[in-house]
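S.K.: I have a structure here, written as structure tokens, and I will follow up with some questions on it.
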């Protein structure tokens, strides 16, 4: 059994944890490989390019925050991910640093629970090209550097829902509902719910609200305003610039992202702790 280790090299704490983990794995004779960037920054080996890591690793270990785990999910190719939270919120990265060794031991003993998270599959066609990619949290179509308020049309199963006059539109999974969508006024959705949420960003339309839909629907998005400064990003990573000539289709992906679950965690406790629900504000 081999573990693929990915470290957020922008966090000194993650680098330190990565070095400790590698030292422990060598001592325990546990097979591992690092992605090339982590290996270079930690001055460790062996390494492999990130896009090829799934060919060597049976499990991924993500050392960082939720953003690090999101990046890993794009390359895991259904291989299970152990998320070690060394960031801030830690919705996706379920394990604390002090739980790192215990969860790896349990994986080695085949004593673990998997949580399958739905992904978005996104198809962008235009200018004679078609690009396909996936996202665990969300896909966002936004104004980019366009100075005005663009019009973005959204259709569901070929039925027009609205032409939003807004800074952008977020399409989020239940997993991604506590990310950008929440900041834009969207609802919190329990991760295993079989739904997507369509959330407009700063709509110049007083009656517009986020919409929750079944995840068996196909969503089509188009920018109706002329220009080429609009952007499409996925899980916080820029994918490409878009224009009215592009057609964007979003649906449920065939493959899930598979996370090693922390059986000691309760999602409602996590919400209460992370968002400080029920706590009085100190003066």
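Along the chain as shown, residues are numbered 1 onward.
Every residue gets a Cβ built from N, Cα and C, even glycine.
From Swiss-Prot, here are the annotated features:
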{"type": "ACT_SITE", "residues": "66", "note": "active site, proton acceptor"}
{"type": "BINDING", "residues": "66, 67, 137, 138, 165, 167, 178, 179, 180, 181, 182, 183", "note": "NAD(+) binding site"}
S.K.: Between residue 178 (NAD(+) binding site) and residue 66 (active site, proton acceptor), what is the CA-CA distance rounded to a whole number of Å?
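M.R.: So the alpha carbons of residue 178 (NAD(+) binding site) and residue 66 (active site, proton acceptor) sit roughly 11 Å from each other.
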S.K.: For the C-alpha pair, I'd like the distance in angstrom between the residue listed as 'active site, proton acceptor' and residue 137 (NAD(+) binding site), rounded off.
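M.R.: Residue 137 (NAD(+) binding site) has its Cα 10 Å from the Cα of the residue listed as 'active site, proton acceptor'.
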S.K.: Across the listed NAD(+)-binding residues, 66, 67, 137, 138, 165, 167, 178, 179, 180, 181, 182, 183, what is the farthest Cα to Cα distance, given in whole Å?
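M.R.: Across 66, 67, 137, 138, 165, 167, 178, 179, 180, 181, 182, 183, the two farthest Cα atoms sit 31 Å apart.
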S.K.: Would you identify the secondary structure of residue 137 (NAD(+) binding site) according to DSSP, in three states?
M.R.: coil
S.K.: Taking the Cβ of residue 178 (NAD(+) binding site) as centre, how many other Cβ atoms lie within 10 Å?
M.R.: 24
S.K.: Taking DSSP as the reference, which of helix, strand or coil describes residue 178 (NAD(+) binding site)?
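M.R.: Its secondary structure by DSSP: helix.
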